[in-house]
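Below is one structure, written out as structure tokens; comments come after it.
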Amino acid sequence: RPAGPGRRGEAAGGGRPARRRGGVQRLRAGEVRAAPVGGAGTGGGAGGGAHACPRSPSLGRRRRREAAAAEEEVEETPQEKKLRLAKLYLEQLRQHGESRPAPGAGAPAGRPRALSPALTPRGSPAHVLLSLQVQPPDPASIRVLRGHQLPVTCLVISPDDRFIFSASKDGSLIKCKWEVESGKRLCVVPGGKKGTEERHMGHASHILCMAISSDGKYLATGDRNKLIMIWDTATCKRLHIFTGHHDAVSGLSFRKGTHQLYSASHDRCVKVWNVAENAYVETLFGHQDVITGLDSLSRECCVTAGGRDGTVRLWKIPEESQLVFYGHQGSIDCIQLINEEHMVSGADDGSVALWGLTKKKPLALARQAHGMQDAQGLQQPYWISAVAALRNSDLLATGSHSASVKLWKCSEGFRKLEPLWDIPLVGFVNSLKFSAAGDFLVAGLGQEHRLGRWWRVKEAKNSICIIPLKRRTAAPSPEAPDSS
């Protein structure tokens, strides 16, 4: 209602907004700001009206001090701001829920249900428990694609799950179209001899790693000859060659949603490139031994496996800092991010480690994950040569030369690794990748390890194996699946 000349105190006490630019004053949930001296019920006395007391100078000074203190208080980090807004949002949801009838009473339940992921812990809305939905793979349904002369070292799947790109020690690059019935080979870029990279399209040495951008436009490959080649995925034409590493390029990954490329090398450094601009960005140092693997997701950071230095590192690119993780006893040869908060790695001591990015030690460690082997009269674990994670789920896969690929389940909030099933595959499993939809797993096999020639499995075939993963049609039983 209109305020008369004697209602100045009332306007100050009840009509002033809780926030104002330049001097933000935040109220905790349920906290009420006291009416100022001279406000409604006090300033005008019993009579109110035109005889309200004027504002005193001391009151003005006190308010200025309060505003200055509130302005200092609002100096908060982006994380604090997100937390404050989340708490405010949850309080609004709680009040909104208390003021509405239950969904079963006839009120529309669409909005509260749509907002329910906000009530889950950080990183959890996208986490899917797929391990209970996947059936044990049928060995008879595995399809084998042949084409490489030497061991397959790396592979990637296009974001739409239609194509598989693979590479090997023979320097050739093959693009295969994945189909349910048959694997049709679409494009082959043959390898050449050392020093002929400028005269022909392919690599002239062992290809050790590859990555594909999240939009499916660019493919990057790295070889033992210190080169990174960028390809057009649609035409298999080479677009650019990045030079700068001083030893073999052993890991590549595109940052999700961008054309920023991270590369790792045996020269112990990580480099950042802008593929769209064909530009070098920066170099990061820290590892004390050759880097054997690298991975990244949508954040501006990447994780690396440091081989014999025994560390896994998280590189924070904007902050120019790194976090160091310890847990394996042997050379860490492979690594993959599960989601933005967790990762998995494998080492030649036979262990598989599950990590949280906020803990320096593994959350879970499976020793002798693929069993023991008798090598020249000595018992030693099978090396873990490849790991894969179905993004934002609890399903993992690991490979060795133990004649099987193992599927694992992350349980108890990523604090336990449980074996699910073994998939028989003969040879060194040098690369593993889940499809984006989670309906198949691709393994790159070879007679030798991708990084050396310590053993040779003569009965193995240098090939790509496509393993269908079928979902259960009915609801899973409460009993845990049998582990083999």
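Yeah, the Cβs are placed from backbone N, Cα and C, and that goes for glycine too.
Per TrEMBL, compositional bias 'Gly residues' is recorded for 38-50. Taken from TrEMBL, the feature compositional bias 'Low complexity' covers 100-119. Annotated region 'Disordered' per TrEMBL: 1-81, 97-120, in sequence order. The repeat 'WD' annotation in TrEMBL covers 145-173, 200-241, 242-283, 284-325, 325-365.
Distant neighbours of the repeat 'WD' (284-325): 209, 247, 250-257, 260, 262-272, 331-337, 339-340, 343, 345, 353, 355, 357, 359-362, 391, 451; these residues of the same chain sit at least 6 beyond its ends, with a Cβ under 8 Å from one of its Cβ atoms. Counting residues per DSSP class in helix, strand and coil order gives 0 helix, 23 strand, 19 coil for the repeat 'WD' (284-325). Shown for the repeat 'WD' (200-241): DSSP residue counts in helix, strand and coil, namely 0 helix, 21 strand, 21 coil.
Mean per-residue pLDDT, taken over the repeat 'WD' (200-241), amounts to 91. Here the repeat 'WD' (242-283) has, by DSSP, the following mix of helix, strand and coil residues: 0 helix, 24 strand, 18 coil.
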